[in-house]
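**Student:** I am attaching a structure below and will ask some questions about it afterwards.
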Amino acid sequence: MNGVSEGTRGCSDRQPGVLTRDRSCSRKMNSSGCLSEEVGSLRPLTVVILSASIVVGVLGNGLVLWMTVFRMARTVSTVCFFHLALADFMLSLSLPIAMYYIVSRQWLLGEWACKLYITFVFLSYFASNCLLVFISVDRCISVLYPVWALNHRTVQRASWLAFGVWLLAAALCSAHLKFRTTRKWNGCTHCYLAFNSDNETAQIWIEGVVEGHIIGTIGHFLLGFLGPLAIIGTCAHLIRAKLLREGWVHANRPKRLLLVLVSAFFIFWSPFNVVLLVHLWRRVMLKEIYHPRMLLILQASFALGCVNSSLNPFLYVFVGRDFQEKFFQSLTSALARAFGEEEFLSSCPRGNAPRE
């Protein structure tokens, strides 16, 4: 469920003194069962968060999918938000397995399920992030180059570009399908990334785990968090700057949805990425390959990030105009206003408003 390797060989397989800071290792070797450390009430709280995300995410994104297919006109915006809702819907569907993993305190579904599940999770994760970038860039181009957008911004091209986003997401998560495996640690089976060979010595194996962890964590942080965040934020700034130059007094309005989306993305996913970096630091500096409490904290921060996917449908509807006004509208009209940028287009200077 995390973006980096989580399991290692058992204590007896490693050279003495390699993991000098992992005191939990010797303490647990006398137990034949799977024992895991707890961090207060973090495990049950994580299960509650995942449960809420499953219900809200499946229902909310499912409703958006149904309405964009059957109740709304097919435009560039509805194509983009359909694929974003699909990615969030897929991520929400995968959460029951994540919850089972956390409750069981170990991976019990086998190696191939480990490969397929983690690949599916990160396909949804990267697709959602890349689609947010795609939507932001699309709206930015529509504002900065309205004439070009009028001639080239078509539903067919948007569909092909969205398909390309899914291919990019598949490429970004393909390493999980090849290198994910399972291994027991202190009686607990975990699903983790393994770039190494079982025939290597313990010291070489440790170095391989750390090297793979560095590559995976930095790549995930840049491609799955910092990069999308920078692009979305830049697009929001460029939109507002262009409209201010053209004398639109309500320049903050079209920026509002992008601002809320990027803020929600940052708030909910930043803990997960910070924990990833802390986990990397502990492995590189403290030579700590595995720590059960860090694994639980990583799982909890991932659960918090999943809340973002379940909230996106509500952000589409309730951001842009006053909540009270949209609450009494039909849902179709509210989504149309969000996806079609009705309030933005109707307020742009005439002749400059981009069209679908």
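Glycine is treated like the rest: Cβ placed from N, Cα and C.
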**Student:** Same side of the membrane for Trp112 and Ala149, as recorded in Swiss-Prot?
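**Tutor:** Different domain labels for Trp112 and Ala149.
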**Student:** The disulfide recorded in Swiss-Prot for Cys114 goes to which of Cys34, Cys188, Cys191?
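**Tutor:** Checking Swiss-Prot, the candidate bonded to Cys114 through a disulfide is Cys191.
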**Student:** Between the stretches 79-100, 117-137, 301-320, which wins on the count of C-beta pairs under 8 angstroms to the transmembrane segment (258-280)?
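**Tutor:** By the under-8 Å Cβ criterion, the transmembrane segment (258-280) pairs most with 301-320.
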**Student:** Can you tell me which of 45-67, 79-100, 221-241 gets the most C-beta pairs within less than 8 Å of the transmembrane segment (301-320)?
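**Tutor:** Comparing 45-67, 79-100, 221-241: 45-67 has the most Cβ pairs near the transmembrane segment (301-320).
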**Student:** Please work out the mean pLDDT for the residues of the topological domain 'Extracellular' (101-116).
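**Tutor:** Mean pLDDT, the topological domain 'Extracellular' (101-116): 91.
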**Student:** State the residues, same chain only, that lie 6 or more residues beyond the ends of the topological domain 'Extracellular' (101-116) and have a CB under 8 A from a CB inside it; answer 'none' if no residue qualifies.
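**Tutor:** Hits for the topological domain 'Extracellular' (101-116): 1, 34, 36, 43, 46-47, 50, 176-177, 180-182, 188-191, 296, 299.
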**Student:** Rank the disulfide-bonded residues Cys114, Cys191 by the number of other Cβ atoms within 10 Å of each Cβ and report the first-ranked residue.
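**Tutor:** Compared across Cys114, Cys191, the most Cβ atoms within 10 Å surround Cys191.
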